[in-house]
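Only one structure is covered here, and it is reproduced in the block below.
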Amino acid sequence: MEDQVEEIELKPVTVRRTFTLRNNVARQVAVNFMPSRQIPYGTLRLRRSNSDSEALLAGGADSERQADIIVREMEQLQRLMEDNPVSEELRREALRDLPQGLTMKRTVRAKLSASVSLRSKHRPISFYKRLKYRISFAMKKGRDRISELIFSIEPWHEAIRHVEGQFGSAVGSYFHFLRWLFAINLLLAMLLVCFVVVPQVLHDQENNNKTGSMGFLDFVSGKGGFEDSVLFYGHYHWGDVSALGPLTYNMPFAYFFTMFSLYFFFFAILCYRTAYSYRRNFIEIAGGLSNVFATKVFCGWDFGIVSQHAASLNASSIYNEFKELLSEQNKKHVTMSLCRRVCQYMVNVAVTLCVLALVAALQYGLWQLLALDTQLQHWEIFVSLIITFVIALCPLLFNLIVRVEYYKARTALYVTLARTGLLDISTLTLLLVYWSQSGTPCWESAVGRETYRLVLLDSLVSLFLLPLVEFARGFIFKMSSSSSSTGPEFNLSYNSLTLVYNQGVVWVGAAWCPLLPAALALKFLLLFYVKRECALRACQPARKVWRAAQTQTVLYMLVTLSLFVTLFAIGSLFLRGSSEWCGPFMKYSAVWGVVSEGVLRLPDRPVLHALLAFLTRPGVIAFLFLSLCVATYLMRARARAQRSMVGILRRMLVLQAKDKDFLLAAIDKVSNGEWLYNPREEDQSADSHTLKYLQEVRKPSNAAYHFDVTRLNHSEPRPHRAETRPHRPHSHHVATRRTSEDGDTDSSFSWQGSATCLNNTNDDKLE
C-alpha cells in the first residue's frame with residue numbers, strides 16, 4: 001500500500017517547522033495522538049482530536065466510541081472509501097496494521113463496510129448479470145479442462161523430447177512443426193469427409209454409380225476409374241442429393257460454403273499462430289533476457305520426473321540449451337572495414353540475383369513443358385516426376401549456394417527457407433494459372449489430379465528415397481576409419497521446406513481434390529516415424545549449436561503466405577469463372593453465382609446488387625487497403641513506442657537496484673560507526689556507476705536542498721539560508737554538488753561534523 005503523505009504545520013511564537021511524514025493509514029491514526037499533537041492549540045480540529053485521544057486511551061465501555069473515532073478518521077481518506085477491489089485491499093491492510101484488539105478491528109470493519117455501502121453508487125448485481133457471470137465462469141472452466149485434456153493426449157510428446165535431448169531445439173522445432181501440420185490436416189480431412197464426401201457417397205450408392213478400371217498407372221496418374229470418383233471435383237453432383245429418408249442435401253451449397261468456411265477458418269488459425277509465435281520469439285525477447293542462466297539452473301528441472309529415462313532426457317535437453325545459450329552469448333563480433341563490408345554486401349546481392357534468375361528460368365521451362373504437345377501415354381506422370389525432382393533438388397542447391405555468401409548460421413537458414421519457399425509458391429501458382437488458361441474441359445479436375453500426383457510422388461521420395469540415402473550416408477560414416485571426419489547432420493532447412501511444400505500443394509488442391517488432406521495427414525503420420533529414426537540412427541548433433549526457436553515463426557509465415565497466395569489465386573481464377581463442364585456449379589454462370597443467385601437472389605434485389613457492386617469496385621477496395629496500411633503503421637509506431645518505454649523501465653529497474661545496493665552499504669557503514677563515509681573517496685574512477693548515476697541520471701526537484709542542522713535548535717530564530725551558507729565547512733560536498741548540478745543530495749551527504757553540531761546544539765539548549 002502506498003505511503004500516505006501529510007504535512008503537519010505547527011506554529012509556536014518564535015519557531016516554525018515543517019515535517020513530511022510518510023506512513024500508511026493505520027500509522028496515520030496513531031500520529032494524530034502523538035505527544036507533539038497534544039499541545040493545546042486554539043483550533044476546533046485539535047480540540048476534537050484531544051477528546052478523541054482521551055476516548056481512545058480509555059477502555060472498556062467506550063469501545064463503541066473508539067470504533068466510531070477510528071472509522072471517522074479513516075473516512076477522511078477518499079481512497080479508502082471507494083467501492084472497488086483496490087480500496088477494499090487498502091482497508092484490509094489498514095485494519096491489519098491498526099494497533100487495536102481483534103474485537104475492535106471487527107467492529108471497525110463492520111462500520112467501514114456499512115459506510116462504504118451507503119456511499120457506493122453501485123447497485124446490487126442483477127439476476128441476469130449473475131447468470132452471465134456464472135456462464136462465463138463455466139465456459140472458462142470448460143476451456144481449461146479441454147486444454148488439460150488436449151495436453152494429456154498430446155501425441156509424440158516423449159518422442160520429441162527425446163529428439164530435443166539428443167539434437168537440441170533446432171531439430172525439435174521441425175518435429176513440433178510436423179506434429180502441428182498433421183493436426184491441421186487431420187481436422188481439415190475430417191470436416192471435408194463429413195460435409196462433402198459422405199453425402200456424395202450416399203448419393204452414389206443410391207443411384208448405383210459405377211467407376212471404370214483402376215490399375216496401378218491409373219492410381220498414380222489419377223485417371224481411369226479414379227477420374228470419375230469422389231477423389232476429384234468433377235464427380236460431385238450439381239443438384240440436390242438424397243440423404244437419409246425424405247431429406248435432401250444441396251451439394252452446390254454444401255461444397256461452396258464448406259470450402260469457403262474451412263479456407264478462411266484455417267487462414268485465421270494460421271494468422272493467429274504466426275502472430276503468437278512472432279510475439280513470443282521476436283517481440284518479447286527484443287530487449288534481451290535477463291538472468292537466463294540463473295533461471296535455467298534453478299528453475300529448468302522438472303521435479304515431476306519419476307523415471308530414470310525421463311531424467312536423462314531432461315538432463316540432456318538442459319545441457320543442449322546451455323550450449324545454445326553460451327554459443328549465443330560468446331559470439332565474437334569482428335569489426336570489419338567499410339570496404340570489406342561493401343564487398344560482402346555486393347556478393348550477397350549478386351548471388352541473390354542469380355538465384356532469382358534461376359527460379360524464373362525454372363518457371364519458364366515448366367510452362368513450356370506443360371504446353372508441350374506430345375502423344376506419349378501417361379505424359380502427365382513424367383511432368384509430375386520432373387516437378388517433384390526439381391522441388392527436391394533445388395533446396396539442396398540453394399543450401400550449397402548460401403555457403404558462398406557471407407551469412408551467419410541462422411540468417412543462412414532463413415535465406416534458404418525464403419528462396420525455396422519462393423520456388424514452391426511460384427511453381428504451384430504457375431500450375432494453377434496454366435490449367436485455368438489451357439481451355440481444357442473440366443480443368444478443375446485436372447488441377448486436382450496434378451496436386452494428387454505431386455503429393456503421391458513426393459511421398460515416394462520423402463518416405464523411401466531420401467531415408468535410404470541418409471541411412472547409407474550414416475553407415476558409410478560409421479564404417480569410416482577416419483576419426484577427423486564429421487558425421488552427417490540433420491538438414492533442418494531441407495526437411496522443413498518439404499513440409500511447407502506439401503502443405504502448399506494441399507492448399508491449392510483441396511478445393512478440387514477433397515480427399516487430398518486425408519492423404520497428406522497419412523503421409524505426415526508415416527513421415528514422423530521415418531524422420532525420427534533417421535535423425536537418431538543416421539545423423540549426428542550439429543557442430544555449431546544455436547537456438548532455433550525463431551525458426552518455427554518463419555515456417556508459420558511461409559505456410560500462411562502460401563495459403564494467402566492460394567486464396568488470391570482461387571478468388572481470381574475460379575470464383576469469377578464458369579464451371580459449365582463438370583462439378584457442382586454447372587447450373588450457374590459463375591461459381592460466385594451460388595451466393596449471388598442461390599442465396600442472396602440478387603436478380604430480384606436491385607438495391608442489394610448495386611450496393612455489392614459498389615463495395616467491390618477497385619476504389620473501395622483500394623481505400624480499405626490504404627486504411628489497413630495506416631492501421632498497420634499506427635500499430636507499428638505504438639509497438640516501437642512501447643518497446644522504447646520498456647527499455648526505459650528496464651534501465652530504471654537497474655538504477656533502483658544500484659540505489660538499494662548503495663543505501664544498504666551506507667547503512668552498514670553508519671551502523672558500524674564509520675561516520676566519515678563518502679562514496680567518492682572509495683571509488684574515484686570514471687567508470688563508477690555511482691558517479692555516473694549521480695552526475696548524469698538523478699536530478700530530483702530538491703537537488704539544491706540543504707539540510708540545516710541549526711533547525712534542530714528551536715529556541716532561537718533560524719537565520720536566512722543565504723547568510724548561513726558560507727559558515728558551514730562540513731557541507732563541502734553538498735555545496736560542490738549543488739554547484740555542479742549533478743543531482744541527489746542523499747547520495748553525497750557527508751556525516752562529517754554532524755555529531756559535533758548536534759552536541760553543540762544540545763549544549764546551547766542546556767545553557
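Cβ coordinates are placed from backbone N, Cα and C, and glycine is handled just like the others.
Going by TrEMBL, these are the annotated features:
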- 177-198: transmembrane segment (TRANSMEM)
- 253-272: transmembrane segment (TRANSMEM)
- 345-367: transmembrane segment (TRANSMEM)
- 379-401: transmembrane segment (TRANSMEM)
- 455-476: transmembrane segment (TRANSMEM)
- 553-575: transmembrane segment (TRANSMEM)
- 610-635: transmembrane segment (TRANSMEM)
- 711-726: compositional bias 'Basic and acidic residues' (COMPBIAS)
- 711-767: region 'Disordered' (REGION)
- 727-736: compositional bias 'Basic residues' (COMPBIAS)
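Within its own chain, the transmembrane segment (345-367) is flanked in space by residues 387, 390, 394, 398, 401, 404-407, 419, 422-423, 426-427, 430, 434, which lie at least six positions past its ends and keep a Cβ under 8 Å from the stretch. Among the listed stretches 177-198, 253-272, 379-401, 455-476, 610-635, the one sharing the most Cβ pairs under 8 Å with the transmembrane segment (553-575) is 253-272.
Within the chain carrying the transmembrane segment (177-198), a Cβ under 8 angstroms from the stretch's Cβ atoms is held by residues 155-156, 160, 230, 236, 254-255, 258, 262, 266, 269, 273, 496, 499, 503, 506, 510, 514-515, 517-518, 520-521, 524-525, 527-528, 531, 552, 555, 559, all 6 or more beyond its ends.
Remote same-chain residues near the transmembrane segment (379-401) are listed as 217, 220-221, 351, 354-355, 362, 366, 369-370, 416, 419-420, 423-424, 427, 449-450, 453-454, 457-458, 461, 466, 491, 493-494, 497-498, 501 (criterion: CB distance under 8 Å, separation of at least six residues from the stretch ends).
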